[in-house]
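Record features (TrEMBL):
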{"type": "TRANSMEM", "residues": "75-97", "note": "transmembrane segment"}
{"type": "TRANSMEM", "residues": "109-131", "note": "transmembrane segment"}
{"type": "TRANSMEM", "residues": "152-176", "note": "transmembrane segment"}
{"type": "TRANSMEM", "residues": "203-221", "note": "transmembrane segment"}
{"type": "TRANSMEM", "residues": "228-251", "note": "transmembrane segment"}
{"type": "TRANSMEM", "residues": "303-327", "note": "transmembrane segment"}
{"type": "TRANSMEM", "residues": "347-370", "note": "transmembrane segment"}
{"type": "TRANSMEM", "residues": "399-418", "note": "transmembrane segment"}
{"type": "TRANSMEM", "residues": "424-443", "note": "transmembrane segment"}
{"type": "TRANSMEM", "residues": "455-478", "note": "transmembrane segment"}
{"type": "TRANSMEM", "residues": "484-505", "note": "transmembrane segment"}
{"type": "DOMAIN", "residues": "513-562", "note": "domain 'Cationic amino acid transporter C-terminal'"}
{"type": "TRANSMEM", "residues": "543-564", "note": "transmembrane segment"}
Amino acid sequence: MSSIGDKSDEIQHKSYWRFSKQDFLPEESFQSWGNYRSALSETCFRFKDRLISRSDDVNEIGELRKQSENEMKRCLTWWDLTWFGFGSVVGAGIFVLTGQEAHEHAGPAIVLSYVASGVSAMLSVFCYTEFAVEVPVAGGSFAYLRIELGDFVAFIAAGNILLESITGGAAVARAWTSYFTNLLNLPSNSLRIHTNLAEGFNLLDPIAVGVLVIAATIAIISTRKTSLINWIATALNTAVILFVIIAGFAHANTSNLKPFLPFGAKGIFQAAAIVYFAYGGFDNIATMAEETKNPSRDIPIGLLGSMSIITVIYCLMALTLSMMQKYTEIDKGAAYSVAFQSVGMNWARYLVALGALKGMTTVLLVGALGQARYTTHIARAHMIPPWFALVHPKTGTPINATLLITISSALIAFFSSLDVLASLLSVSTLFIFMMMAVALLVRRYHVKEITPQTNLLKLVLFLLIIIASSMGTSAYWGLNPNGWVGYAVTIPFWFLGTTGLSMLPQQREPKVWGVPLVPWLPSLSIAINIFLMGSLGAEAFERFGICTGVMLIYYVFFGLHATYDMAHLHRKAQSTEVNNEDMIGRKGP
């Protein structure tokens, strides 16, 4: 096989629309059945290699990008990213899940659920921002985890990123149909096709499929035009949100806040784990780093600025809903529209439904951009076929990756209900954000071939203590939420692990922008994310486990061998370059 460098002159002459075996399985292990059998016989050895190997900043930023054959266009500023932040986050979560969780789990304390999940989201935003500034590539969390925690952990993250992308798009598309039905003043589910399939999968949704296809088509045409459409739609949606807050408080009745905690503290965190979905999507901004003109300046402004404002808006909107209607009377499907109808503002329900539709449309638009860029970088590493890494020479967008996510989301959206999707999505999102905090700590405290072995062992030990104590706290909460004995053990252990970590010397300082109060804030992010994961039901973890199991089967038979071949091809190319330089040096001028 030719080296990566040898291909750079050839790729310019290839057509984008090609479907040969070499575009899907170009690695040495898949060139013949004999090669494949040989690769399978080395599975244990290759797994060990991938488990301990690490990528680096230079490889992710430079070499892997060549796999796309064409560059993405740098056309975004901090202004674009800020509006992308609003567009990617404010949508189905706040307009749909607020009513659902206030009615079923939290009551008026839903505002505290948004505070809890907002704090967790902001801690994750800090971690994402530092990585995105230091490693400005389309891979987002996948690239960051590949650098710090290795190929295997990155694959688990990649699988969950794809799962999150696909189910997230499907969930928003289903919610879009619900609000569109309300806008037309039609009975609930009247625009869906009723079947005899199992409950949760028996309402087929062709409108959700159509919305996904339209959003993907816009994203494929141009990143810059998508940004403009997002800016206009998000500005209109923001105006609707301000109306909801102002008009809602004008019709507020404080008696609706009693009882404030009808389901107790456990209900707050159960709801927080679900409404965390409302904060999901901000990581799409990190995937736009490759198309950002000045990543070191624009990404911190875009990420931190937009998420700070969004957190405040969410809490105000949740409080507004709880004060307008008794939690037992809140409509789970279209909460805000029905709430305004209940206070005599029947016309406002249409305005709210229209605003919600605009919000969900921008979520789908920005999601189509960000999710495709995740997928592109995963394909660059050959964890999925490199055909999905190709960037179109004219549009500067990854069309193949966009089609993969869109078609998969459309199939799921056609069958699955929103409640089924939201719980599964929350597990994947929280898992990835937890791993991001771990990766940030590893980045700060470990540098290959520089960090002493004893310090590395201490780092691993303290991280295990932090994770184990966080899991213990979460488990004790699930078993005995009103107790305190377990917390007297787990919380001091978390404090001990974090204190021990703080006493180690940091091996790397961020060049431009860094997370403050390291290791305390990343350690707190780990604890909160694990705690919120533990607040979800067993059914969500069962689905998560099944999906992860399917991913591992794929990894053992395909992903492992493709990434192994890719990594060793890259090492061979580097070795050849070093030998050539040595030969030139020996010959002299």
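Using N, Cα and C of the backbone, Cβ positions are placed for all residues, glycine too.
Same-chain residues lying 6+ beyond the ends of the transmembrane segment (303-327) with a Cβ under 8 Å from its Cβ atoms: 78, 81-86, 89-90, 94, 98-99, 102-103, 106-108, 110-111, 113-115, 118, 121-122, 125-126, 128-129, 132, 241, 244-245, 248-249, 251-254, 256-257, 262, 278-279, 282, 285-286, 335-336, 338-340, 342-343.
Only sequence-distant pairs (6 or more apart) were considered; of these, at least three Cβ pairs between the transmembrane segment (228-251) and the transmembrane segment (75-97) are under 8 A, so the stretches are in contact. As a summary of secondary structure, the domain 'Cationic amino acid transporter C-terminal' (513-562) carries 40 helix, 0 strand, 10 coil according to DSSP. Of the recorded ranges 203-221, 424-443, 484-505, the transmembrane segment (347-370) has the largest number of C-beta contacts under 8 angstroms with 203-221.
The stretch in closest packing with the transmembrane segment (152-176), judged by the count of Cβ pairs under 8 Å and taken from 75-97, 203-221, 424-443, is 424-443. Using a Cβ-Cβ cut-off under 8 Å and counting only residues 6 or more beyond its ends in the same chain, the transmembrane segment (75-97) has close neighbours at 171-172, 175-176, 178-179, 223-224, 227, 230-231, 233-235, 237-238, 241, 274-275, 277-282, 284-285, 288, 291-294, 297-299, 301-303, 305-307, 309-310, 313-314, 317-318, 333-336, 352, 356, 359-360, 362-367, 369-370, 418, 422.
Note on the transmembrane segment (424-443): residues 120-121, 123-124, 127-128, 130-131, 141, 144-145, 147-149, 153, 157, 160-161, 163-164, 167-168, 171, 273-274, 276-277, 280, 283, 459, 463, 467, 501, 508, 515, 518-519, 522-523, 525-526, 529-530, 532-533, 536, 540-541, 543-544, 547 of its chain, located 6 or more positions outside it, place their CB under 8 angstroms from a CB of the stretch. Here the domain 'Cationic amino acid transporter C-terminal' (513-562) returns a mean pLDDT of 86 for the predicted model.
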